[in-house]
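Chemist: Pasting in a structure now, in structure tokens, and then I'll have a few things to ask.
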Amino acid sequence: MNTKAVRSWIMYDWANSAFATTVMAAVMPVFYKTVAGANLDGNTAENYWGYTQTIAMIFVALLCPVLGAIADFAGSKVKFLSIFMIIGALATVAMGLVGEDDWLFASILVVIGTIGFAASNTFYDGLITEVSTPETLNAVSNKGYAMGYLGGGLLLLINLVMIEGWEKLGFPNKTIATQIVFVTVGIWWVVFSLPIIRNVKETAQGTAKGFGDAVQKGMQRIGSTIRTLKSYPELLKYMASFWFFNDGINTVIVMATIYGAGIGIETSDLIAALLITQFVGYPCTLLFINVAARLGIKKSLYSSLFVYVIIVILGFFMESALHFYILAIMVGVVQGGSQATARSLYATLVPPSKTAEFFGFLSLSSKFAAVAGPAVFSVVGTITGSSRLGILALLAFFIIGIVILAYVNIEKGREEAVALEHIK
């Protein structure tokens, strides 16, 4: 195993987690409500933010499966990762131009940035088998998430200092300081993506003769994969389970701070709490390597999902900044470990030569599901006028995901993956 390639792969989590942390989770949601949507009535800003996430996920859901199949045939996962990373980073830098009442402009940039983030992650996930063995895959996956917590947390700490110390740092006001924060995220994303671009090489050679041929073969492979999945129920069941619980996790991530802002928690407390999440998440994600080794991947995933059920219930009753801090710590304990474990479990159920294609299908299932989470939050909030009921509605995603996961036979699924490897 090439340790340089492993470190470079892990470093991309450090790079793109700045977008996930500052833009999706911490700063942009609050900026969207207090600046871009400052003059929107009631909980309209929260609802518009949810609809923005829904629209972004629709685009991602349509793109990722096709791109994954094309990347497998073209042997170009690193190239596609680079392209979408640049798209996402440029959109993030442009967020520095968003001002008061620019909620529509902000929404457009968030959609573009999210497409770049999610699409590049599809190829990033597909590269995990290039830098790991079946025995080390779970550990490498968890280390990637742990490094993401550390990198995202470090830049968020810098960003918090910039926002709260704007006057001492010479910024004209807090709004301009926040706009500069978005520029730092885009630069960070590009700079720390260079190692994976330079050092991770793909062993599988592409079979396509050109872009058009890659598109045609990619679409043919998608149709073939859909037909093949019907014969492999364990993989299909796991995808369905992931479809629900991962949407619940992602919706908690992207809606937490704007929900907190809506009930009156100060911006400094919201960002500080999410900063704590990052640094709690780093050791806890690494700890999940040992938890998974002792309990098994499936049981460790169960335990983290049950914690999320508790988090959602407590979130409904949240009243103060202290409550938000407690919930942020709880999320930090399970977030990275649950997602890393879910990713590595999926990787063991798919044929190694078709990882990008099948991770594309995972994106198809999970990203179409990701349309549902923010949409449910926003629709419930719009109908009832209460964001609390929107949060409570997320319980359904975790409960359904847990129930379906109970019916997944992991060993049988791995046997099916071996058989699937030989299907042309």
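Backbone N, Cα and C define each Cβ position, glycine as well.
Unlike curated entries, TrEMBL annotations are predicted automatically.
Taken from TrEMBL, the feature domain 'Major facilitator superfamily (MFS) profile' applies to 1-413. Taken from TrEMBL, the feature transmembrane segment covers 12-31, 51-71, 78-97, 103-124, 145-163, 175-197, 242-265, 271-293, 300-318, 358-383, 389-408.
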Chemist: With a Cβ cut-off under 8 Å, give me the same-chain residues at least six positions beyond the ends of the transmembrane segment (300-318) that come close to it.
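Modeler: Hits for the transmembrane segment (300-318): 245, 248-249, 252, 256, 259-260, 263, 288, 291-292, 324, 326-327, 330-331, 333-334, 337-338, 341-342, 345, 388-389, 391-392, 394-395, 398-399, 401-402, 405.
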Chemist: Sort out the residues at least 6 away from either end of the transmembrane segment (78-97), same chain, that have Cβ-Cβ distances under 8 Å to it, and list them.
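Modeler: Counting only partners 6 or more residues beyond its ends, the transmembrane segment (78-97) has Cβ contacts under 8 Å with 12, 15-16, 19, 23, 28, 67, 70-71, 105-106, 109-110, 112-117, 119-120, 123-124, 127, 179-180, 182-183, 185-187, 189-190, 193, 196-197, 200-202.
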Chemist: Which sequence positions outside the transmembrane segment (145-163), separated from its termini by at least 6 residues, show Cβ-Cβ distances below 8 Å to it?
Modeler: 10-11, 13-18, 20-22, 26-27, 169, 171, 174, 177-178, 180-181, 184-185, 188, 192, 267-268, 271-272, 274-275, 277-279, 281-283, 285-286, 332, 336-337, 339-340
Chemist: Is it the case that the transmembrane segment (51-71) and the transmembrane segment (103-124) touch, counting contact as three or more CB pairs under 8 Å in which the residues of each pair are 6 or more positions apart?
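Modeler: Stretch pair touches.
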Chemist: Should the transmembrane segment (242-265) and the transmembrane segment (103-124) be scored as in contact, given a threshold of at least 3 Cβ pairs under 8 Å and pairs 6 or more apart?
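Modeler: Counting Cβ pairs under 8 Å (6 or more apart in sequence), the transmembrane segment (242-265) does not reach the transmembrane segment (103-124), since there are fewer than 3.
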Chemist: Using a cut-off of under 8 Å between C-beta atoms, tell me which stretch among 12-31, 175-197, 271-293, 389-408 contacts the transmembrane segment (103-124) the most.
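Modeler: It is 12-31, which has the most Cβ pairs under 8 Å.
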Chemist: Going through 12-31, 271-293, 389-408 one by one, which has the most CB pairs that fall under 8 Å from the transmembrane segment (175-197)?
Modeler: 12-31
